[in-house]
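Chemist: Have a look at the structure that comes next, please.
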Amino acid sequence: MPLLRPPLHRVRALGRPPIRTLMNLRELVSALNDFASPALAESWDNVGLLVEPSPPHTVNTLFLTNDLTEEVMEEAVQKKADLVLSYHPPIFAPLKRVTWKTWKERLVVRALENRIGIYSPHTAYDAIPHGVNNWLTKGLGTCTSVPLHPSTAPSSPAEGTHRVEFCADAEHLDAVLSKIKDIPEISWLTTLPVRVEGEEQTRVSLNCSQKALLEVVALLSQNSLLYHKTEILLLQKPLLPHTGMGRLCTLSEPLSLSDTVERIKGHLGLPHVRLALGAGRTLESPVKKVALCAGSGSSVLKGTEADLYLTGEMSHHDVLDAVANGISVILCEHSNTERGFLSELRDALTIHLQNKINIIVSEKDRDPLQVA
């Protein structure tokens, strides 16, 4: 009697969850750095991989949060996160010890106990064109925006603040080059044969620091022929398009201040914001230009001409300065101007990482301030 086989059923591919291939931690960190280079972060910031479990470490779940509190860390543990991406760096001031005494030390202990890495992008995400500040501009409606403080290409030129170029004949060349090579902080030097006024000479080009420049000029000034043929160029790094801190937004159509407030509240999902009216302004005053900065924006916004400043928090005296200059101010509390970006970030990273890992957003993360 032939064996009876159960009928075969076709499994539809449509609607299936994607097949994930996982990522090695170092491969993932490299991809995150490609998404937003840590070199774009402010010099004072602490960005990149902050806590690393012993390798090899495979990441199946990437957990996104704005602030890594102890409550959020427990959520990450429960959801079996392998890497936490915390927008704000939980380690900022140096830790002298890792014990159970303070909450930030306990974060490190809990992370390592559960083999969870911690990565923070912070101001690198503020600077990029597809980052936090760009997301915040969307609350204004249709507008064009430019960075308030543009970023420069981090590796162009690699070293040196000045370029010095001069021509020397064979009689002086070796002696001059020998002395120049003894000067510290000269990062690049080339020579090229040239013909100057019918004579065979060598053109020397070098990059140097501001300090080394003084020594190079002092050396060349000892020979009037070399000195008069010297050119000094200031090396300026090229600006990166649409990249930098803060944004100056020009609305396509002016809005009343009251309508602008409502748009911001809707975008951030807030029932209220704090508002300071600029001198001579009312709720019906038109708003055409808005200077904004996610988080704490005083240092970025200060001195910018606009109808409105939009940020999370500013000092009392900086608000007074803006108001005195006729600029209205909207304050939303620090992390309320950042947290909503996480959902957009999840979608962007899903594409960037080619759907290789599971990406989830914290449900416990929230601004610590509320109106009682």
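Positions of Cβ are set from backbone N, Cα and C atoms, glycine also.
Checked TrEMBL, it gives:
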BINDING   H88, D126, H334, E338  divalent metal cation binding site
Chemist: Let me make sure I understand the structure: which of the binding-site residues listed (D126, E338) has the fewest other Cβ atoms within 10 A of its Cβ?
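Modeler: It is E338 that, of the binding-site residues D126, E338, has the fewest other Cβ atoms within 10 Å.
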Chemist: Setting H88, D126, H334, E338 aside, what same-chain residues sit with their Cβ within 8 Å of the center of the Cβ atoms that define the divalent metal cation site, listed in sequence order?
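Modeler: Output for this site, in sequence order: N66, Y87, H122, V132, A294, G295, S296, G312, S335, T337.
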Chemist: Far apart in sequence but close in space: which same-chain residues, 6 or more away, have a Cβ under 8 Å from H88 (divalent metal cation binding site)?
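Modeler: For H88 (divalent metal cation binding site), the qualifying residues are N66, D67, L68, S120, H122, S335.
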Chemist: Are there any residues in the same chain, six or more apart in sequence, whose C-beta is under 8 angstroms from the C-beta of H334 (divalent metal cation binding site), and if so which?
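Modeler: Counting only residues 6 or more apart in sequence, the Cβ neighbours of H334 (divalent metal cation binding site) under 8 Å are G295, S296, G312, E313, D367.
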